[in-house]
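Peer 1: The structure that follows is given in the form of structure tokens.
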Amino acid sequence: MKMASIILVTLFLFNLVFVPSMALPFGFGFPGDYDQQQPPQDNEQNQDKNQKLVNDGNNGNLRVGFYKDSCPNAENIVAGALAEISKTNPNAIANLIRLQFHDCFVVGCDASILLDYSPTGDKVEKSSMFNGQLLKGADIIDDIKSKLEEQCPGAVSCSDTLAFSVNEGMAIAGLPRRAALGGRRDSIYSLASVAEDNNLPMPNWPLEKMVELFTRKGFTIEEMVILLGAHSVGSAHCDVFMERIYNFANTRKPDATLPTPVVNELQQICQNPGTPQFRNPPVNFDETPTVLDNLFYKNMITRNKTLLITDAHLLNDPRTIPVVQQMAGDEGLWQKRFAEVMVKLSSLNVSTGTDGEVRKTCRSTN
Ligand code: HEM
Ligand SMILES: *[C@@H]1O[C@H](CO)[C@@H](O)[C@H](O)[C@H]1NC(C)=O
Ligand SMILES: *[C@@H]1O[C@H](CO)[C@@H](O)[C@H](O)[C@H]1NC(C)=O
């Protein structure tokens with residue numbers, strides 16, 4: 001089963017290329033580190049204390065103010081560090097949002113995605129082809145976690161570090177700042193096999209598989225469409241959607257649902273893989289890749305523009321079209337709903353209390 005999935009992924013990634021003998025200059029493997037200089041050291045707290053916090057209340061065993069006694073400044077430390085990092089690395093917030101999604105959908109929000117080694121010796125989640133080089137941000141969490149360790153050794157879990165970072169990142173990207181829920185504990189193992197067991201979506205999936213996965217994780221179809229609005233920030237590399245602009249379903253023609261101007265725009269950036277010019281750059285999902293706005297949905301409605309096949313499905317089903325239309329028409333509504341559904345995502349099957357541990361460094365268990 002596991003093997004079959006790996007073969008499927010490999011096929012998916014490599015059937016996009018016309019010239020099968022061509023060696024691709026990239027591939028899946030251990031995630032590369034983002035090449036960003038260390039942010040300058042300072043303890044400036046960038047958070048605007050006067051900004052109204054939207055109250056999340058309680059969510060299961062998670063709660064606002066969890067580190068009130070053990071690390072009262074935790075959220076400010078995260079905010080200060082992330083503000084610095086995002087100055088030099090504008091992709092940081094997109095990296096982190098995706099990292100959290102991939103963490104939470106596999107077992108739960110337990111920072112299992114961050115482990116480089118599992119005590120069991122098994123292959124870890126992050127080494128899976130399902131995550132691969134395309135999943136970035138683990139080193140951002142290293143930086144932020146080390147700032148937390150300086151001030152509150154052993155207090156704040158890696159899963160909360162990631163959750164606080166995403167929460168703060170969403171504020172930096174334009175959403176109202178919310179108080180973050182804390183209390184997640186870190187896993188003491190990470191298994192690639194679980195990531196590969198139908199817990200992470202592939203960009204060539206049909207809508208039914210997407211719906212099945214998100215429903216299994218406790219989300220409605222509406223919530224799935226709202227979460228996919230995360231594709232308002234960040235980018236996708238050419239190879240994950242190349243098929244649509246050059247060789248859709250092996251027709252050697254672009255996807256007919258993509259209008260010609262969109263195909264042209266994308267072909268400008270993504271050269272035909274059969275040519276020597278072929279590179280694999282990242283392409284921004286929309287024209288405002290650092291802002292959590294509703295341009296992702298607007299582009300769909302006004303231009304039929306999507307990069308991923310899975311995103312395009314949303315324009316093609318009576319259950320999802322009305323949600324896309326609604327979100328395209330009301331940015332404030334999407335931002336509000338997105339923040340709410342992200343709370344749900346970041347609370348998925350968390351370990352709390354005395355389960356798991358609070359890791360000292362996020363790449364290894366204590
Ligand atoms: C059917 C569901 C989904 C599929 C198939 C999917 C697939 C992808 C793919 C292929 C990329 C591009 C990776 C790359 O080339 O670097 C991507 C990027 C991204 N995804 Fe998704 N995704 C899905 C749902 C989600 C959800 C639910 C979230 C978060 C709530 C999310 C957040 C992101 C973000 C922020 C990026 C940009 C990452 C960056 O620029 O570093 N995705 N996704
Ligand atoms: C929830 O987490 C526990 C470990 O904390 C794990 O054993 C269980 O399989 C997880 N549930 C799901 C649906 O992944
Ligand atoms: C988008 O695609 C649909 C169906 O393929 C088509 O009916 C519609 O006219 C297209 N809209 C634009 C703006 O291209």
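Glycine is treated like the rest: Cβ placed from N, Cα and C.
TrEMBL labels come from automatic prediction, so no person has curated them.
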Peer 1: Going by TrEMBL, tell me which one of Cys71, Cys104 is disulfide-bonded to Cys109.
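Peer 2: Recorded partner, per TrEMBL: Cys104.
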Peer 1: Let me make sure I read this right: TrEMBL says Cys362 forms a disulphide bond with another cysteine. Which one, out of Cys152, Cys158, Cys238?
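Peer 2: The record-listed partner cysteine is Cys158.
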Peer 1: I need the neighbours of the Ca(2+) 2 site defined by Asp286, Thr288, Asp293. Which other residues of that chain put their C-beta within 8 angstroms of the C-beta centroid, in sequence order?
Peer 2: Ser232, Val233, Glu287, Pro289, Val291, Leu292, Asn294, Leu295, Phe296
Peer 1: What recorded positions in Arg98, His102, Cys104, Cys270, Asp286, Asp293 place CB under 6 Å from ligand 1?
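Peer 2: Near ligand 1, sequence order: Arg98.
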Peer 1: Return the member of Arg98, His231, Cys238 nearest to Asp293 (Ca(2+) 2 binding site) in space, with distance defined Cα to Cα and candidates limited to these recorded positions.
Peer 2: His231
Peer 1: If one looks at the chain holding His102 (active site, proton acceptor), which residues at least 6 apart in sequence have a CB under 8 angstroms from its CB?
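Peer 2: Sequence-distant Cβ neighbours: Ile113, Glu125, Asn131, Leu135, Ala195, Leu200.
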